[in-house]
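Okay, structure first, notes after.
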Amino acid sequence: MIYLGIALLLTSAIASPVYNAYNNAVSSDDYMGYRLPGTQIPSNYKLNIVVGKDVIENKKNTFDGMVEITFKVKKVGDEKLDYIKLHTPSEKTSEVKLKNDKAAEVKIKAHEFNKTSSIMTINLESELDPKMTYVLSMSYTGNVDSKSMYGLYRSSFKNDKNETDYLLTTQFEPVYARWAFPCFDEPKFKATFDISITHPKGYSVLSNTLPVDDPKENGDDQLTTTFKTTPKISTYLIAFIVSHFTCTQGENIDTNVIHQVCSRGESSANRLLAANWGKLILNAFEDYTGVIYNQTGLLKMHQVAIPDFGAGAMENWGLVTYRERLVLYDEKESSDLDKQSIVSVIAHEFTHQWFGDLVTCNWWNDIFLNEGFAAYFQYIILTQVAEASPWQVEKQMIVDQLQPVLVDDAASSSKALTAIAATPDEVNAKFNTIAYNKGASIIRMMENIIGSDNFKKGVTKYLQNKQFSNAVPSDLLSAMEEQATKANLPEDTSLTKVMQNWLNVPGYPVVTVTQRGNGIILKQNRFLYDKINPSSKSIWMIPISYTVPSDEKKFDTAPKAWLSTSSIPIKNVFKNNSDWVIVNNKQGAFYRVQYANSLWKRIADQLMHDHTKIDVLNRAQIIDDLFNFARADNQMKYSQAFQHLNYLGNETEYFPWVSALHSLNFLLTRVGDHTTLGVSLKLKVVELIGGVYSTLSFEKDDSKLSLQRDLIFNAACKYGAEDCIKNVTTLFETYKTTGK
């Protein structure tokens, strides 16, 4: 899932969920009160949802449903098997029946519903037999949510007649399938689904799979649309939509997978971009992973624009839902930045068709296995699509994701990637920048450690091993270890051991570099804004890549050394004692680098003399590190940071300026626009930005420069550059006169 904050701020940080439907925080000590015991293992759901016109059109807020759940049981410890626990929408259930595979009824004593956990306990008169299969059937009443946009909820819009039109749609991740139907609502309980929706005539229905046949008459102006059986799927990935929407198919679509984009009819002209790029991205994933989409059992991909949608987008298997602005593209009104944002969101959600849908995290503790991969591959998969090459997406990931989360993860309150989440509140809180951005950055670091070819093979192995199943981090690491070459790892150390603290310990290190003779000394501590914590017991196994001027293979991200203790020496680094050294090539690993003053000066001198000798991503890293050392307590003064960054007057590349403006905007917010410091800061930025500003035109350039133009012109005007303000004023006056 990509929350709206993520989608709208693709060039900054990811936002937390905008709404939390569970408002009673409960300690993780009560973990088992919120988790199912695992004694029942579902294999199939037969689900029928009945919605009348009054439900759709906001005249009634409840609906009826029927479900049959086929399951087996297993012993867990000494637990007796004389009960069933599952999630249900409410206590309003009827006709609860249980039969075994011999059609014999199992008598039910009673059932009780816990409102806090949404768990219903069905007590039985006898124990269940692990050798038998059972079918639990029940009728129930559920609520159509009208506020939170979770569960089964109602959305609306004004149609081309200016009339209010309604639809029903779903959002089940992470813990809201239980609001729509009785189920074992945890990601590890995968099962197949046979879904049918009974709905008024005149409405169409979409779900994860294609319909079996045309809708069937059901009396009282009702139809029933029945869908083909899904693959094994987690409950949170089930979706259905009842609407008046129409759909558009992409151009040159192959017959193996149906690609359609659906939305309210008035927006039909804006669907084609998503349909065409969807096909390109889906094909790129098949080529990269070797796992073919239609061989998972899904023969179609619907992308649907929802008028009211709390999440930015959601990866329901075969039925991806979006906010309208994140999937619909107006050729006349939308910008190149809009286009790239839409494509990036599509890439994120399509990544989930493999990472999250086909292979799903076992529990929400490890949601980075879903979201970290999606946040990384929303960039990386586009490197496999020729049409995206002007965007340099693999570099964007550094300034969009890695650098912003280095800020978030420097708080003493930060939690580890695999921190426990038990309650619904805690599960919702896991969908944050740590899971997305840090997860992506750690996965990228792992790729740099073992090499891209080995990483790709490891990805394929992981997907093949765990398809239609669930995974924990050790499953990913085992698949990668089979491909990892020993040369790139510390002696007698596995990849699993290398990754342990990166996954299980909050925060990240700062590596301090000092010179000794013709070598360097490296030390590590946890980086925090309030202090460097020398008493921290956390020691990361840090891959060390570095470049000096004499290197033939400059800025290679493969590790040359490992910092696996608090400090190590590296000999014979410099040919000349006056050489500069850059550690962490292309910011390929997840840490900051602090240099001794003499080494900082050499880097600054090189930047002033010829900044192109240092890789563009390392220039962005240097800027980001300098400003964040100045922001932290007792690590650097702002005056020193600015002194090292005077070279920015000559910098014309996009990525260093993104890093610079992230920090400059933060600093301006802190000191204030109209203070003495604020005025001085704005004058300094106008001076520095003048060089790159002069290389750009207010006339529309090719897409390669679109991001740079938006960034630099916005900043130049924000900080008070007179020429920028004059040009923008002229453009606005022209627009008022001509509408163009």
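Residue 1 is the first one shown; counting continues down the chain.
The backbone N, Cα and C atoms fix where each Cβ goes, glycine too.
The Zn(2+) site recorded in TrEMBL comprises His348, His352 together with one of Glu324, Glu371, Glu387, namely Glu371. His352 (Zn(2+) binding site) is surrounded by 27 other CB atoms, counting those within 10 A of its CB over all protein chains shown.
Excluding the listed site residues His348, His352, Glu371, the same chain places Met1, Ile2, Glu315, Glu349, Thr351, Phe355, Gly356, Asn370, Phe373, Ala374, Ala375, Gln378, Tyr436 with Cβ atoms within 8 Å of the centre of the Zn(2+) site Cβ atoms.
Using CA atoms as reference points, the recorded positions His348, Glu349, His352, Glu371 were checked against Tyr436 (site 'Transition state stabilizer'), and the closest is Glu371.
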